[in-house]
Amino acid sequence: MEEKVSTLTLRKFKKEGRKITALTAYDFPTAKILDNCGIDMILVGDSLGMVVLGYESTIPVTMEDMIHHTKAVSRAVNRAFIVADMPFMSYHISKEQAMTNAARLIAEGGAHAVKLEGGEEIASIVKAIVDAGIPVVGHLGLTPQSVHQLGGYKVQGKEKEQAKKIFNDAKVLEQAGICALVLESIPMELAKNITENISVPTIGIGAGPYCDGQILVTHDMLGITQGHRPKFVKQYADIEKIMIDGINAYIKEVQQVLFPDEEHSFTLEKRENK
C-alpha cells in the first residue's frame, strides 16, 4: 500500500514539482472511491452546506455538521490527507474557542488538518492552533464565509491594492505556520507570484495552472450539482444523467412488473419425494 500523505509529503511534492490532487468528500462511499483512485488530499468542506444540505451558502453549517461528515470520510480513507473546514464563527471569538473546535475536528472527526479562511486578521489564531500541534491549511482570495462582505461570489485580487493584500496575507499565514494554502478565484498571475514566493504548497480553485495543486468540488466536476456551475469548473462526467436514466428504468420496470424477476427473487426449497 502507498504511504499515507502527510504535511511532509505535500512539501515534498512542491519541492519535486509534482502536482497535488485534491477533491471534496462528505460521505463514506465517495471518500472511499477518491482514496482508491489515489487522490492526495480530501477536503471535507463547509461547501457541504450547499452541496448536500441544501443551504444557500456555507454560513449555516455548524461544528456538529462538520464533525459528523468528517467522521464518515475518515472511516473510508487509508492514504489521502484529510482536511476539515472550520465553519463560520467557529474560530472568530477567541483563541481558546478556535483551539477547542480545531481539536474536535481532529480527535472526534478524524481529520489530519483544519482549514481556516482569512489572512492577517486570523494569523494569531492560526499560530495558536499550529502551536497546539494541529496542522492548519489557509484559504485566501474568494472566502465563501465572507461572501456577504465581498459582495457575492466574485474574482478577488484583480485590483493592485487587493492583489497586494492577498500576497501579504499569504506571507503572514506562512509565518504563522500553515502547512498549505488554498487560493480561490484569483488571477493566475497573482497565484503564480504567491506560489513562487512561499515555501508551503498552494492549492488552486479558480486560480490558474501555476499553483502546486488543484481542488474542485467533486459534485461539480462529476456533473451532480444542479444550477450554476462556476467558470473554473471542468465537468469530467455526467453522473446526474446516469442517475436519472437508472432511476427511470427502475420506475418503469416496477410499474410493468418486470422487476423483481425470478433472478432477483427467492423460492421455497424443493423437497425430495420420499
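Keep in mind that glycine also has a Cβ here, set from the backbone N, Cα and C atoms.
According to Swiss-Prot, the residue from Lys15, Lys19, Lys115 that belongs to the 3-methyl-2-oxobutanoate site alongside Asp46, Ser47, Asp85 is Lys115. Note: the Mg(2+) site is recorded as Asp46, Asp85, Glu117; in the same chain, Gly45, Ser47, Thr58, Val61, Met86, Pro87, Phe88, Lys115, Leu116, His139, Pro144, Gln145 also have Cβ atoms within 8 Å of that site's Cβ centroid. Using a 10 Å radius centred on the Cβ of Asp46 (3-methyl-2-oxobutanoate binding site) and all shown protein chains, the other Cβ atoms total 29. With all protein chains in the displayed structure included, the most crowded Cβ environment within 10 Å among the recorded positions Asp85, Glu117, Glu184 is that of Asp85. The maximum pairwise C-alpha distance among Asp46, Ser47, Asp85, Lys115, the residues recorded as binding 3-methyl-2-oxobutanoate, is 12 Å.
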